[in-house]
Structure formats: structure tokens, C-alpha cells
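What Swiss-Prot says about this protein:
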type     : residues                                       : note
BINDING  : L49, R50, G91, K94, T95, T96, R200, Y210, R247 : ATP binding site
BINDING  : T95                                            : Mg(2+) binding site
BINDING  : R340, R345                                     : DNA binding site
COMPBIAS : 1-10                                           : compositional bias 'Polar residues'
COMPBIAS : 13-23                                          : compositional bias 'Basic and acidic residues'
COMPBIAS : 31-48                                          : compositional bias 'Basic and acidic residues'
REGION   : 1-48                                           : region 'Disordered'
REGION   : 13-210                                         : region 'Large ATPase domain (RuvB-L)'
REGION   : 211-282                                        : region 'Small ATPAse domain (RuvB-S)'
REGION   : 285-365                                        : region 'Head domain (RuvB-H)'
Amino acid sequence: MAIVSSNAASQRPRPDRGPDRVPNRVVDGARQAEDDRDPGRVGAKEDSLRPKRLADYIGQRELKQVLGIAVQAAVGRGEALDHVLLYGPPGLGKTTMAMVLAEELGVTCRITSAPALERPRDIVGLLVTLQPKDLLFIDEIHRLSRVAEELLYPAMEDRRLDLTVGKGSTARTRALDLPPFTLVGATTRAGALSSPLRDRFGLIQRLEFYGLEDLQAIVERAAGLLDLDLSAAACTEIARRCRGTPRIANRLLRRVRDVACVRACAGRIDQALVDEALTLHRVDGRGLDASDRRLMELLLQSHGGGPAGLDTLAAALGEDPATLESVVEPYLLQLGFLQRTPRGRVVTAAGRGHLGWPYPQEQAA
């Protein structure tokens, strides 16, 4: 139960109120299509790369199957979709999936993030303006404050807001009924969610890194939407270097487009041009960037390959430990170039080989 001011409790927030408006984005199917037709609108190109329907969403087959069944069942019963928690590394399509679900359900998707919901009236303002069956997407949901979480408990379970109006002896409890809605939460740290919040999600699904075949299809689709003529080898090269992440694939594709534009490349973009563009941005053949190599080289040069503690490495690199752990390390771990041990981080034999660093026995010799 949360304490809010009597003014906030007695008035239903209006979407057009300036100071009290909660920072969020409303995505509507018809408006989305209009934005895509007008490339002059902010975000038109960015949104145009996002798939709109489950059939267009490439990869994550098991996730699509589970959510597809849930959507069909909810539509068939005329109910709101059960609450969904999506977790996994950044850039794998959690926000896109929320927008796809809203499109499949034919409802409005309200997009916000946990850091934007600092005050109780922020989350209250969002919840009381939801229409029946609307989808509310909260990114970085693990960063919700305790008060915001407590407001969500009855809202998710009983479609009710429990508010305490006033203070001291004049305090009274007021319950506001909410329409049926779907909360879709996204997080890169599922373990950081409190158990009461996590247990209120009916569907908890993990997004996995993408395979090469799916990434090739994603790059081909994005190239078509950006009016780029990519050779098959060029497409494969981008897919190999994007760290199994569609967001990075689209970013690298745009950097290739920049180089092609400057080079006045009027024909098909080939593998050589892709290699030139990505080498310029210090992305090597396995997708490692400058941050990855700095971490591994620090371990090798200053710590003999490890082990070394995360805080020690972060201080030496001038990085935040959380950034190293959540952004840099996952892909190195996936490739088998890095190991996490109780004593710290260690560069593996595969990591040494990739950097051309001699093995310990060679150094001793």
C-alpha cells in the first residue's frame, strides 16, 4: 500500500496535463503505420525496422510459439493477455516483442521504463488511464522502487489500486478499480526482481542469443527496408560480427551504409566493403569490439591471464563494474573466451588464441 497526496488520489490524472504527465510512449497500430509512411517523422526509420506481427518476428521460435498460443487463447476468450516477463541480454527484442503482442491483440501499447516511475503518482497516473485490455510495457523493471512494486501487486493480481489518502489520524484507505490490462516487464537481470513481483507474472520467458541463420535473415530484411543491395557474403559477414544480437546487427548495417554512401557505392555492397566499414569501427571477425579486447588484454598483460576481480578490472579500465558484467562479459562468456571463477575472471585458451597471445607453456619456453 502506498501513500499519495489527497489531490493525486481524488483526481484521475489526465493524459494532457503537462507537469503530471508520466514520461511514456503510446504505440498505436494505425499511428505506427502512418509514421512509417512519412520518413520525415522522428523515429520513422527506426520503427520501420521493427517487425509488426509474430509472423514477421525472426528467431526465438519457442518464445513465439508460447506467446502465440497465449495470444490466441486470450483473444478467443475475449480477455486481456496474462502478464508477461521477458528477460535476457540487451538488444534481443524485448521491446519489439511487447509492441508485436499489442499489435496481435489489437490494443494500445504504453511504453515506459522503471527509472521514469520515481513517484507513486507516476505509476498511479499510468494505471488509471489504461483502457480495457491495454498493454503496459515497463523496461528495466528490476529498477522499480519498493513503493511502485507495492502499488503493482494488487493492480496485477486483483485489478485494484490501494491508496492511502492523507496522513496521521486523517488517513484513510481508498481502492480504485482498474480495467483488465496486461503488464509486460523487460529486464536484463531477472534475479534482481523481488519474488512477490516475479510470481505475479503468468508468463516468464527468456530471450536467447540469435543463431547465424536467423541473423542473416534479420540483416537481409533490414537491408531491404533501408533500400540497400547486399551480397549474400556481405550479409553473412555482418551476421557473424553482431554478437548474436539484432540491435547490433542493425547498427552495423547502418555503419556499412554510411561507408557505402561516402564511397559513392552505386552497386551491390560486397564483403570487402563490409570488412572495411567494420574494421574502421574496430569490430573484428568474431564481433569483438575495443572494449572486449581492452578487458582481455588487461587480464593478459597485467594479471597473466587471470584470475582478477571484477572491481579491480573495472577500476583499471575506468568502467563501471555493472557495465563490464552486463555489457562486455556476456558475449565473451558465450564465445568461451572468458571464464568467471570464484577467484575472478580468467582468459581461456580460446581467448588467448583469438588475440594471438602465447600460451603459458610457450612463454615459459
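FYI, residue positions are counted from 1 along the chain as it appears here.
Each residue, glycine too, has its Cβ placed from N, Cα and C.
A map of Swiss-Prot features onto the structure.
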residue : record           : Cβ contacts under 8 Å, 6 or more apart
L49     : ATP binding site : A222, L225, L226, N250
G91     : ATP binding site : T245, P246, R247, I248
T95     : ATP binding site : I111, F137, D139, A186
R200    : ATP binding site : H83, L152, Y153, M156, E157
R340    : DNA binding site : E329, L333
R345    : DNA binding site : L295, L299, G306, P307, A308, G309, L310, L313, E329, L338, Q339
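In the three-state DSSP reading, R200 (ATP binding site) counts as coil. Note: the region 'Small ATPAse domain (RuvB-S)' (211-282) comprises 50 helix, 2 strand, 20 coil (DSSP; helix = H, G, I, strand = E, B). Within 10 Å of the Cβ of R247 (ATP binding site) there are 17 other Cβ atoms, across all protein chains. Across the residues the record lists as binding ATP (L49, R50, G91, K94, T95, T96, R200, Y210, R247), the two Cα atoms farthest apart are 32 Å from each other. Summarised by DSSP class, the composition of the region 'Head domain (RuvB-H)' (285-365) is 49 helix, 9 strand, 23 coil. According to DSSP, G91 (ATP binding site) is assigned to coil rather than to any helix or strand. Looking only at the region 'Small ATPAse domain (RuvB-S)' (211-282), the predicted model's pLDDT averages out at 90. Mapped onto three states, the DSSP output places L49 (ATP binding site) in coil.
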